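Colleague: Here you go, one structure.
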Amino acid sequence: MDSFLKETAQTLLQSKGDLKGVKVILPNRRAGLFFIKYLSHLVDRPLWMPEVITIEDLFYQLAEKRPADKLTLIYELYRVFQALTDRQESFDRFFFWGEMILKDFNDLDQFMVNPEKLFTNLKEQKVLESDWSFLSPEQVKLIREFWASFEGRDRAHQEKFLRFWDMLYPLYTGFNASLESLGLAYGGKIYRDVATDLEALTPMEEQLVFVGFNAFTTTEEKLIKYLVTHFGAKIFWDLDTYYLDRPEQEAGLFFRQYRKDPILGPTFPEHIPNHLQQHKAKINTYNVPLKINQANLVAGLLEQVKGDEDWEETVVILPEEQLLFPLLNVLPDKINRVNVTMGYPVRQTPVYTFLEAVLELQRYSKMEDGELQFYHKPVKDLLSNVFLTEIAPEFTQQVYDDLLRTNAIYFPAKDLRKGGEVFSLVFQLYTAETIMEQLLELIRTLAAPLEEKSMERTYLYQCFKQMNRLKEVFDKEIKEEVSVGFFTKLFRQVFAESRLPFQGEPLEGIQLMGVLETRNLDFKRVIICSMNEGSFPPSKSMDSLVPFNLRQAFGMPVQEQNDAIYAYTFYRLLHRAEEVHLIYSTAGSQGQVGEKSRYIHQLQIEMEHSGIQKEDTLVHVPVNLTKANPILIQKSPSILRVLQRYTDSPGDGQTATSFSPSALNMYLDCRLKFFLTYIAAVEVPDEVQEAVDPAIFGNLVHQSLENLYTGFIARKGRNWVEASDIEGLMDYISPAVEKAIRTQYFLDEDAGLKLTGQLTIARDVLQKYLAGVLEQDRYTTPFEIISLEGNKKYSTQLPVATRSGVRGVSLSGIIDRVDRVGATIRLIDYKSGNDKKDFKGISSLFDREDKSRNKAVMQTLFYGLLYEARHPDNKSPLKPALYSLRDIFQEPFSPYLQEVLGPGKKQEVHDFADYRDDFVGQLTQLLEEIVNPGQNFDQTDDLEKCRLCPFSEICSR
Amino acid sequence: MASPTPFHIYKSSAGSGKTYTLTTAYLKLALENPLAFRQILAVTFTNKATQEMKERIIQELKRIKNKADETQPMDRDLMARWNLKPSELSQRAAMALTAILHDYGSFSVSTIDSFFQQVIRAFAREIDLQAKYDVELDQEGIMERIVDRLLMRVVEEPDLHRWLVAFSMHKIQEGSSWDTKKLIHELGGKIFQEDFKMVQKEVRHFLDGSDNLKKLISHLYQQKQVVVRQAEGMKAEANQIRINHGLEWEDFHGGSKSFVKKLDQLGDPASPIPELTDLQKIKVKNPEEWYTKTSRKKSAIQAAYQEGLGELFSRFEPLLKTWTTLDAMTKNLYVFGLFGYLLEELEALKEEENMLLISEANDFLRSITAENEAPFIYEKVGNRFRHFLLDEFQDTSGFQWESFRPLLLNSLSMGKANLVVGDVKQSIYRWRGGEMRLLMEQVENDTGHFGLEVKNLDTNFRSLPQVVFFNNSLFSRLSRLLAASLTEELGSGMGDLISTAYAEISQKVSLKQDSKGQSGKVRLEFLEPEKPQNFSDAALEALPAMVDELISKGYRQKDIAILVRKNDQAANIADAFMAYEIPGQEKKYEVISDEALFLHKSAVVRCLLAALKLVSNPNDGLSGKNLWVQWARAKNLLLGQEFFLQGTLPEPHSGLERTFFENIHKLKKLPLMDLLEALVELLGFNGELDERAYLSGLKEAVYDFVGKNRADLGSFLEWWEQQGHKRTVKLPDTHDAIRILTIHKSKGLQFKVVLLPFLDWKIFDTAKDPIVWAPYSWDEALPPVIMPLTIRQNLLNSAFAPAYREECLLSHLDTLNMLYVAFTRAEEVIWGLVPHKESKKRNGIGKVDDLLFLALNQRGTEGELDLEAYFDSETLTLDLGNWPSSDPGVKPATDRPEIMAWKYRPWRDSLQVRQVFGDFDETGMIAKRDFGRMVHTLIEKASTRMDFSLELEALYFDGAINKHEMVLLEQQFATLCEVPEFNSWFDDRYEILTEQGILMPGGGSKRPDRLVFKKGAVEVVDFKTGKESQSHKEQVKGYMELIRQIEKGKAVTGFLCYLETGSIIRIS
Ligand code: SF4
């Protein structure tokens, strides 16, 4: 069957013969392209092509005027608005309201509403005066109803509404007057001017032909009727009796009105086609769980199409344009030509996301001591962005590392700018006055090295163009200060709608389109995705400041008209199709459920012919999951070799190493974790952390206390501490803590110390902890400090049976503090956490099944072993001690270990020697297990252990 | 037609045909006239319920339209209403259906939220919202950001700083971490909740008073000191008395563990008054209990008792009460002190990002309906509702009701019909603000004066007879037991709420179910695991075998639903089924669950994420390893050392790795969606793949993300970190698989078989730290401060006992309701697992299993099933009824995965982005070369000089040129016009055609730049840039030839005009 446009072309050609001086007006340009194509297939000799334009073009031609851009218009509106009210609103805040007002003004002009009447406040007025007689009784009723609702108590909201309402008429007139004086106009106004003064039109010689229209605005209708009566314009309607003759079918709403019209009525053809009923297109519907799988389904459907078909005859309609790329990426190979009408959304290009990241950076900048600083998150985002890494790979990497190392929450701009020109442009302060110039400059600089005609350059140029325009408007029109924040919003808005066209011969290959571009086109095979309420038809978007009843009373379009337009768009697609596939998905967005489109309901319930599938086909993707295989590491020769490093014969070319208590604790927790950390040495990437995590806090604790006492020893030149020293030490707490923080974050001595909120709190807590420790030490005085962590690493070896006989296995550790109190040597560990001092016997310390295994006790006992090894002659009792943050503030405080012997029975550990043999026995066993080739490294069964393990991803835990 | 009682309240027990009732009620209103539906608003609880309700209404209309059936009660009802014949009813239905389908937007079945938002949108300006705002659903995320912002302020604000440090110290002393962020986050989250909003004004007022907080703290501190002092005094007193009588504490009954020793424990600063057990409380009053019969010190003890030791104990209780009260006040004091800051930050954040929190909708609406009369609201919204049908009313919140009430009253005052449906027994959304008392009493109080009819729907249409009987008996027992236990625990009258709620528990079996000749099956097994904490493991292990048995009885997987309380239980069950090998079968059971099928369980998904991380940061060694580990998992390979040690990666991994790194630069430049596709291809996941549903799920996640956010990799990875773990695979309900869902989500659904594997939860679980807001008077001059209290059992003995009682009571009701919802989902079979304990170990009713155990071992009352008769104490199983003879029913609709295609083909292979016209040179202006082209385009379009200016302007408005460039172009054109020949082509006295196409036979067309019609002659002009060339001439000659054919008899002249040089060549 011939398409509508082809039929029309034929009729036109037959009736005219010569097409010069013919002006064809179509709803959109795409239809024009197809129209010309059909025409050219019909001629048998060269002929002048008719002029093909849209109705918009026609109005602008007649008015010899074009609308100004939206931004300028809204700003003008804003100026007038400001003059009218005493409540000042910033342009930022006004902007989106302005958009809405402008839309309303456009509507009321397009529909030739009398603004003065519309915006009258009829609250007090009970009767409508006689000059309202242009309204029908129904209209009057609607208006009355609206104003009647103001009766009753006077309320704040109503007053607010009225205050605004009362201003709209002056705003309208003021706005128009001001535009007039500037020589500007907006779309609706141009339409209205043309339609109001039709007599002024110069007689037209061209033959006007309107093709494929459905809904006219009042101004359009006026103009067209005038052209029909005065200049013999012709109209070709693209319609079907199915909806025309059934008054309930909203798709026919406008046609039914026009057919009754004395002027338009006669333009309807005598014979109106009945394709929809006669033609019995095959209509299938599908229900797909995920939106994204619609693309796979379409591809599958296309796959089934026989090879010799013309792809031009197939259209895929995407009411949600976002589905375009998922679809493009699965198109079957046999489709070699694709024509896309929708364009590439600029906001998805890497260039755009880069620029947006640059703006995002500005949101979180601050000046400190005259120096510009940026928040770490956006900086990190930018440093890993390809536009910067590409320019200076080393620099970006180095700064990135710096950022992590110093845990900089704010990072100085000057260090970032060292990367070169682009960096200087990115990491500068953008101010409201200069932001656009700065961005333009950035774009130019980015583009400079790019190959001509490369895709990125094209993207960049598109951005450049848009920005340039914005800038021009701002330079010329807008004197207002806008915030960088507002600019960012505007920037987003402009680019949200910006598209890059695709290359391609528009009339060849499979056609991928948005809904509105299908106007007037016919295809044999029609596939429509997103047949969901909210997508097709799209969700209501009648944002207007004019309440519904008033809109209706004054003939401005309401949802009904909108519905009619969309319904027509849908049904029209079925006119001449032979095969239709309608796809919807049950997944919605934001946790909503996808609802099947009303059109499917309508078809399935109302249209009676054999081609319609009455039950939807359910399409689903099978859910299978491969079982997560466990990780099991057998001790291969190479691993055994690595393990050898822990023994007294580390093996050729290998450096010796030793087991620390934390390594052993880790092994007990999870063998695999030990393997990954110590044998495979998998590196865990750093993160900048605003929070101070327990490990870092722990480091700070150790470091500060070491600083405190090292300083003391250095100052006093002695290493015993007396009660009278404590007071003096208190003064050194603060610097000790500060120094620890510097060390932790690799900050130079002279670099200003900028702490985050969390860290300042941590610092204060630390200071209190140190004071607490000193308080406790006061009771212990006098004592002698034997060693502090930094200056002594203790180590020893234990004989362990290995495959190759008994070997010495190295052990080592750092003891926070060793001191002597009276005859006792104390081995002290500072704990920032909540470690307990109780333990249920030595074997419990090595029992990996024991959920409350006391690691801290195992660690301090381990120190006993180390100390002994270094001081074999020692006769003094060795007393392990834990200074835990929590306990320091508890009364009474005792740092010593307690072995739990039974319920309520505890025994303090006075001397390591009492536990030595037991401990060594257990430890040796453990070490034997570690080096035992038969013992694999496997994953722990205790998922609790995995919760905070950095390898939980690898383990799929 | 106004009915005599416009307002109906339906109390609808489970399975009592609620949807049917609602649908009938809807139709009764909608069939009044074809457009009546526009004035009905039916409110459902969830989005999904909305869909179902809509479908149901459409279906019934369709059915009646085809044939009204007198045997159907619904049809009978409807016919009776208007006295219609079947054919007339059909006709009405047809008309209504048509009207609905063609004004679908007015078909108002919606959730309360979406209706509210509609209203709010209409009032945005009046309530000072911005014109554009986003509705934010992720309150967790917002709280996170608020807390971060709060912490940033610490540096600048010493007060805040001091407060937080004090908070940290307080936590440390309590033995917790110093890091209080999590606590702030948790309790701070209350700002979104209704019970806080109810007291928000008072709280803000209190916190705004500069000294209030400080005063409160010192008050609390002092009062606590007073208690400690007193306790210390008592201790001293006690010891004095003891010493006076020559006693040691060990001399008393019980020796070193003697309760009398508590006197010596008085005065501990952390808990100055030791608690006494119930037994001890009795003992302290009875001197006989103070010594052993044989004690030699009997008389000394008696004397000591008389002298005051006994009396000292009587002081315990009041003092402990004071202490507990003070202590409860202190617990949340620190976070409470931050509420002002949190609210401030919330306001600021909302303003900055134009958002409306979903939780605010109720507040706004409340203000709108309070502020305006209903007609004005309708005028603004543009939709006037006259009838409201509210479903699941027991879960409506106080605010929601307050918002709705004016609208409802408006309707009632006009005598219009309205309807509320709900069931107090199924109120399980208290944690979201659901207020079942509305249904129980308030709605009647608020609207009663308009007259109303309460109807109890007492027939169960859902379940087979034995299932109904069982539930009748079980729940009347359970409610009795709980009511009694509450009365005992909390005092008389406290059981009444439960008794009232469950007063009409007994349901009738419906005719339809009765006539099936099936009995239904109930089985409750008490499992005896080795250790009590292993009950869940035991249950998990038992589940697959239970399913085996059900399948052998003829049930299909989709008939079976497993109900759980918590999401992680659902996940565990899913894992258990995933690991289970069905005896003698290749295939495994499939499960569907919104709570369990997490995307990140898939190796493919994990692999791709590792790859994405690696693209983002190629130095990320961990992801570098993880990528190949997951890849191997996806391909079901074994995982050994080669995946972890340096340089040991085997083929094909290492080859892929090379390709990956070689391409990384290109990958980095791809837009996010494309990047993912490219990685899927690179890693070979486009071929046959098991985890396709998961892969699709990941793509969908990216798809959704890109739609709403900045579409770059870094942002996505961050988002995934925060939100990704919540994404699950979505499957249609029709799929043949076992359903796993939470009891909450199961509300409103029904299944043939319901498995309840974990019947072991705590009835009143204070470990969840329930928070209530309670007033505390402490200063005569000030109104009481309203504090957030963490409910703990000891509050029963404090000034906050009423709050405790209320919470305890409601928690009991919650649990009972949860059980009710769970047990009443089944049509045919209920099968539950309960942990077993010896009865002597069960003291009191603490957990659900205690409750069930007692219920099954107790005599029932008249008319109840003798449950204990069905309980076999050997097997510890209750077994009731018979297995229904299975009816495989309709085959599930066939899924058709085979119509999908999965082959990847990068879109860039088939399509290119078109070059945008123009480019920039270093100075930012249009490059010279393009300048010429631009002039060309302008001239091409413009027919007159005037046109030229217009086109130029258009270009400017398009942003392609700036003002300066506009001037330059204008000048260039003016220069060209100085040549008379050129000028004549723009002279509007001639007929000038620009871009006038020539149609060529056979489908082609030509487009000379310009045609100028001068008397009897046609000039054809083509503009060029660049060098002169012969081909240009040929082209013009070609045009001339065509024109001669069309315009026969006219002289045709041709011109070539080179724009840069201005040279014009005449061609003849
Ligand atoms: S995630 Fe668990 S199993 Fe894996 S290494 Fe860490 S602790 Fe061991």
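Even glycines carry a Cβ here, placed using N, Cα and C.
Got these off TrEMBL a minute ago, pasting:
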- B:Ser12, B:Ser13, B:Ala14, B:Gly15, B:Ser16, B:Gly17, B:Lys18, B:Thr19: ATP binding site (BINDING)
- B:1-464: domain 'UvrD-like helicase ATP-binding' (DOMAIN)
- B:465-748: domain 'UvrD-like helicase C-terminal' (DOMAIN)
Colleague: Compile a sequence-ordered list of residues in the same chain as B:Ser16 (ATP binding site), six or more apart from it, whose Cβ lies below 8 A from its Cβ; state 'none' when nothing qualifies.
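Modeller: The answer is B:Leu457, B:Asp458, B:Thr459, B:Asn460, B:Phe461, B:Gln507.
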Colleague: Tell me which residues of the chain lie with their Cβ under 8 angstroms from that of B:Gly17 (ATP binding site), as long as they are six or more apart in sequence?
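Modeller: Long-range Cβ contacts: B:Leu457, B:Thr459, B:Phe461.
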Colleague: Inside 8 A of the center formed by the CB atoms of B:Ser12, B:Ser13, B:Ala14, B:Gly15, B:Ser16, B:Gly17, B:Lys18, B:Thr19, which other residues of the chain have their CB, for the recorded ATP site?
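Modeller: Everything else in range on the chain: B:Thr21, B:Asp423, B:Leu457, B:Asn460, B:Phe461, B:Arg462.
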Colleague: Give the number of CB atoms, excluding that of B:Ala14 (ATP binding site) itself, located within 10 Å of its CB.
Modeller: 24
Colleague: So what's the average pLDDT for the domain 'UvrD-like helicase C-terminal' (B:465-748)?
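Modeller: For the domain 'UvrD-like helicase C-terminal' (B:465-748), the model's average pLDDT rounds to 89.
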Colleague: Could you tell me which three-state DSSP class B:Ser16 (ATP binding site) falls into?
Modeller: coil
Colleague: Who sits close to B:Gly15 (ATP binding site): which same-chain residues at least 6 apart have their Cβ under 8 Å from its Cβ?
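Modeller: For B:Gly15 (ATP binding site), the qualifying residues are B:Asn460, B:Phe461, B:Arg462, B:Ser463, B:Gln507, B:Gln750, B:Thr824.
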Colleague: Just jot down the residues in the same chain as B:Ser12 (ATP binding site), at least 6 apart in sequence, with C-beta under 8 A of its C-beta; none if empty.
Modeller: B:Lys18, B:Thr21, B:Val421, B:Gly422, B:Asp423, B:Leu457
Colleague: Might you list, by sequence position, any residue in that chain lying six or more from B:Thr19 (ATP binding site) with a Cβ less than 8 Å away from its Cβ?
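Modeller: Those within reach of B:Thr19 (ATP binding site), by Cβ under 8 Å and sequence separation of 6 or more, are B:Glu52, B:Met53, B:Arg56.
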Colleague: Let me check the 10 A CB neighbour count of B:Lys18 (ATP binding site). How many other CB atoms are there?
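Modeller: B:Lys18 (ATP binding site) is surrounded by 22 other Cβ atoms within 10 Å.
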Colleague: Among all protein chains shown, how many Cβ atoms are found within 10 Å of the Cβ of B:Ser13 (ATP binding site), not counting that one?
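Modeller: Neighbour count, Cβ to Cβ under the 10 Å cut-off: 26.
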